[in-house]
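Engineer: The structure under discussion is supplied below as structure tokens; questions concerning it will follow.
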Amino acid sequence: MNINVTKSFLPPLEDYVEYLTGIWDRVHLTNAGPLVVELEKQLREYLGVKHLFFVNNGTIALQIAIKALELKGEVLTTPFSYVATTSSLVWEGCKPVFVDIDPETLCIDPALLEAAITPRTVAIMATHVYGNPCDVEAIEEIAKRHNLRVIYDAAHAFGVTYKENSVLNYGDISTLSFHATKLFHTVEGGAIVTDNDELAHKISYMRNFGHNGPEAFWGVGVNGKSSEFHAAMGLCVLPRVDDLIRRRREISERYDRLLADTPLVRPRIHDHTRYNYSYYPTLLPSEEVLLQVRDALNAEDITPRRYFYPSLNTLDYTDKQPAPVSESASVRALCLPLYYDLSDEDVDRVCAVIRGVFAPTTSTTARV
Ligand SMILES: *Cc1c(COP(=O)(O)O)cnc(C)c1O
């Protein structure tokens with residue numbers, strides 16, 4: 001059986017059907033239905049955040065965040081992220097200015113931020129890469145000094161805390177993705193988080209066409225709403241998310257043990273972090289070795305993922321800007337399979353294949 005890099009978690013079907021029964025009774029399918037309202041309340045409590053808006057995906061969350069902050073001009077951003085981080089800026093008419101990453105944490109390097117600031121710089125948009133928090137304190141200090149707004153793409157950072165506080169409470173706005181491949185999911189979905197009341201008001205109407213009641217408008221908006229069906233999935237998954245994180249941690253620690261004597265390097269998780277084990281990223285010594293490892297795994301019907309690849313500063317719709325650390329990381333980064341019901345035996349198989357690449361003369365049987 002194929003072992004893929006990820007597998008969506010599905011709750012017991014009966015749980016979902018129970019929510020469907022309620023939807024059929026009420027015939028309220030979307031537009032701030034009771035399940036959406038309930039999910040938002042539970043997410044605010046679980047995550048420890050003030051305002052949270054459930055939207056239909058993580059990319060619209062980024063786009064609404066950019067609009068709510070009225071960003072126009074240059075935005076300092078990371079080249080090492082999923083494409084949506086850059087494409088949402090370009091889509092909203094901003095110019096991404098790439099600031100290279102820290103080679104150990106793989107998050108944007110705050111030491112390089114100031115040199116990239118110009119009179120046209122309006123904001124910083126950084127990603128908590130693989131759920132590893134950015135250096136939020138250094139970023140906050142620089143943003144204050146230069147009067148820049150801060151958006152965190154926290155698509156990977158569900159449930160992550162930094163110094164016992166949700167990492168979502170840093171910056172002006174944080175965005176989440178609840179896509180089916182993410183740790184917590186609603187099939188498709190996302191959220192916008194802020195502790196600023198004025199921004200919260202703007203976001204609340206912007207995600208609903210700008211409506212202020214049925215016949216009036218606060219301003220321009222878009223359709224960022226989600227539905228009762230998506231909220232129902234979230235309400236089924238959320239009570240299980242601690243257990244999902246617990247199992248992912250076990251698997252990650254098993255990988256750590258079994259791969260300890262291979263050349264695979266792990267990103268350094270920022271101090272004072274409670275991590276969520278949303279991915280199992282590794283860095284190989286070179287792209288050539290990465291391709292060897294990938295091919296060896298593929299031959300055993302195991303599908304890791306090159307994530308993130310390519311480095312976003314190389315996209316042809318951005319101007320060419322150098323980011324050598326990100327370019328090097330993106331050709332060497334490989335995420336290994338990690339999901340709730342991945343068995344220990346399968347983890348051992350993955351590790352045996354990888355160890356086989358580095359010790360080709362020894363047996364590829366797992367040595368546990
Ligand atoms: C998944 C992801 C997104 C996009 O989220 P969608 O819900 O798929 O639109 C944005 N940024 C990062 C870093 C992601 O991993």
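Using the three backbone atoms N, Cα and C, a Cβ is placed for every residue, glycine included.
Straight from TrEMBL, here's the annotation block:
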ACT_SITE  Lys182  active site, proton acceptor
MOD_RES   Lys182  N6-(pyridoxal phosphate)lysine
Engineer: Inside 10 Å of the Cβ of Lys182 (active site, proton acceptor), count up the other Cβ atoms and send me the figure.
Structural biologist: 22
Engineer: Please state whether DSSP places Lys182 (active site, proton acceptor) in a helix, a strand or coil.
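Structural biologist: Its secondary structure by DSSP: coil.
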